[in-house]
Amino acid sequence: MNLIKANGYKDLSRKAANVISAQVIIKPTSILGLATGSTPVGTYEQLIEWYQKGDIDFSKVTSVNLDEYCGISPDNPQSYRYFMNQHFFNHVNIKYENTNVPNGLADDMEAECVRYEQLIADLGGIDLQLLGIGHNGHIGFNEPDSSFEKTTHVVELNETTRKANARFFETLDEVPKRAVTMGIKSIMQSKKILLIANGPDKQDIIQKALFGPVTPEIPASILQFHPDLTVVYSFE
Ligand code: F6R
């Protein structure tokens, strides 16, 4: 495990963007696993800035996002597809057809999960997976549970997560109750993982996830077993 301490959010974003940028420069055809949420916003901003300066080329990159809400259309501003377009894809030269987000509107969600898993396999797996971490230790939408869910699956979101995400919605009622997420195995099979955590409120869960027992009660704790994990954090 490679632990990198950053001095504040801007520094964290720059350090995380450096890791992603190095990946894309070394392998222009990289498969990037991407995340939404507040934490990666600065990382995407930094990558956009370097793209605009001509330092990074995303034209051969393919992306696969971790998760999506069920029942929200891609043009709904709360959807993760919309988030990715707004915060990243629309501002760099990644080809839209090479960006992948699970389809939360699929009629048959089971089939959508199988399709997404197969897509990742057909791409040859993820080269670098970017992850945030929830206060309860969730990664993607893999919530604390009695066992580790392996592949892409549909989850019932628990109240903590819905409340934490309510800040993006008008009311708590509008926060979807279900989501589709890559599973722990899908995430763990990524060749490299970059976990980012920002703010004093993430210190406790990072401590537990990285140095406590490995347990499905703290899904991120499984990352201790990953052979190439980089953690960039700032608790300021
Ligand atoms: C988002 C995702 C979530 C977030 C986590 C942390 O695609 O997979 O697991 O990474 O909820 O969110 P923030 O960064 O908003 O604290």
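We count from 1, first residue shown onward.
Cβ atoms are placed via backbone N, Cα and C, with glycine included.
Taken from TrEMBL as is:
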{"type": "DOMAIN", "residues": "12-224", "note": "domain 'Glucosamine/galactosamine-6-phosphate isomerase'"}
{"type": "ACT_SITE", "residues": "Asp67", "note": "active site, proton acceptor"}
{"type": "ACT_SITE", "residues": "Asn136", "note": "active site, for ring-opening step"}
{"type": "ACT_SITE", "residues": "His138", "note": "active site, proton acceptor"}
{"type": "ACT_SITE", "residues": "Glu143", "note": "active site, for ring-opening step"}
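Note on His138 (active site, proton acceptor): other Cβ atoms within 10 Å of its Cβ, all shown chains, come to 25. Listed active-site residues: Asp67, Asn136, Glu143. Those with a CB atom under 6 Å from ligand 1: Asp67. For the pair formed by Glu143 (active site, for ring-opening step) and Asp67 (active site, proton acceptor), distance between Cα atoms is given as 12 Å, rounded to the nearest Å. Mean pLDDT, taken over the domain 'Glucosamine/galactosamine-6-phosphate isomerase' (12-224), works out to 96 on the 0 to 100 scale.
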